[in-house]
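**Student:** Got a structure for you, questions after.
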């Protein structure tokens with residue numbers, strides 16, 4: 001990964017691959033790239049992980065463009081392979097929505113579809129060899145005059161807690177919105193304060209239900225992040241091994257990891273559907 005003859009240790013190699021390309025505002029008011037994790041921490045809230053943002057937006061755009069173009073060409077006569085694939089995915093999503101969502105809301109199925117496909121695409125970046133995109137980013141950085149040791153690129157968006165928390169917070173906002181819309185502000189407040197032990201235990205009920213409510217987005221985010229971060233770490237550790245050992249370990253792990261990529265997207269999507277169903281239920 002180095003553009004010089006400097007020896008790269010295992011520790012520095014791992015740290016380099018686990019650090020995001022961070023741009024933000026330093027305490028002195030200036031905006032620039034972080035060269036170390038400590039500099040990234042100094043930025044506080046105003047720190048943007050450009051690698052996570054760029055990869056996630058590019059994959060999201062590819063998803064929308066692909067589905068739009070295939071949708072425009074859909075036909076009932078001789079469907080293409082792409083059309084058959086999309087129809088299969090949509091049928092799969094609809095089956096899950098019908099099985100878990102017992103109310104009527106035309107937004108839930110598109111939300112589930114977008115969530116599933118987008119997370120699958122972001123998770124799939126974990127199957128790209130760990131040095132490819134960081135190397136490209138380093139070469140671009142050198143071309144722009146940057147020190148290659150200070151050019152980072154973490155290519156799996158879902159291995160960044162900011163991405164998974166961002167998605168789960170979006171889902172959390174929808175849960176709150178539909179809970180109030182379907183049950184009314186009073187009904188939603190009663191759900192948080194009068195259950196599970198009745199009105200006499202209102203403070204205790206509020207504590208339990210509040211924790212349960214907040215745990216939904218937190219568990220959504222951390223489950224996805226933890227699994228993808230662990231998978232990325234294993235690929236990085238395999239990359240530290242001799243070349244002949246890498247292929248004997250990386251291929252079986254990559255094949256197994258395909259299951260993790262799909263399973264984590266499916267779990268996230270399923271929980272989104274379940275949480276949306278709970279938000280629409282009139283009774284707790």
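Placement of Cβ uses the backbone N, Cα and C atoms for every residue, glycine included.
Positions annotated as transmembrane segment by Swiss-Prot, on the basis of sequence analysis: 47-67, 108-128, 156-176, 233-253, 254-274.
I would like each feature placed in context: is it buried or exposed, what are its neighbours, and how far apart are things?
**Tutor:** Remote same-chain partners of the transmembrane segment (47-67), defined as residues 6 or more beyond its termini with a Cβ less than 8 Å from a stretch Cβ, comprise 20-25, 34, 40, 82, 86, 114, 117-118, 121-122, 125, 137, 152-157, 160, 162-163.
Sequence-distant contacts of the transmembrane segment (108-128) (same chain, six or more residues past either end, CB-CB distance under 8 Å): 55-56, 59-60, 62-63, 67, 89-90, 93-94, 96-97, 101, 155-159, 163, 167, 171, 174, 224, 228, 231-232, 235, 254, 257-258, 260-262, 264-266, 268-269, 272-273, 276.
With a threshold of 8 Å between CB atoms, the same-chain residues lying at least 6 positions outside the transmembrane segment (254-274) that come near it are 93, 96-97, 100-101, 108, 111-112, 115-117, 119-120, 123-124, 126-127, 158, 167, 171, 216, 220, 223-224, 227-228, 231.
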**Student:** If we skip the immediate neighbours and take only residues 6+ beyond the ends of the transmembrane segment (156-176), which ones have a Cβ under 8 Å from one of its Cβ atoms?
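**Tutor:** Apart from its flanks, the transmembrane segment (156-176) reaches 20, 49, 52, 55-56, 59, 111, 115, 119, 122-123, 125-126, 213, 216-218, 220-222, 224-225, 228-229, 231-232, 264, 268, 272, 275-276, 278-279.
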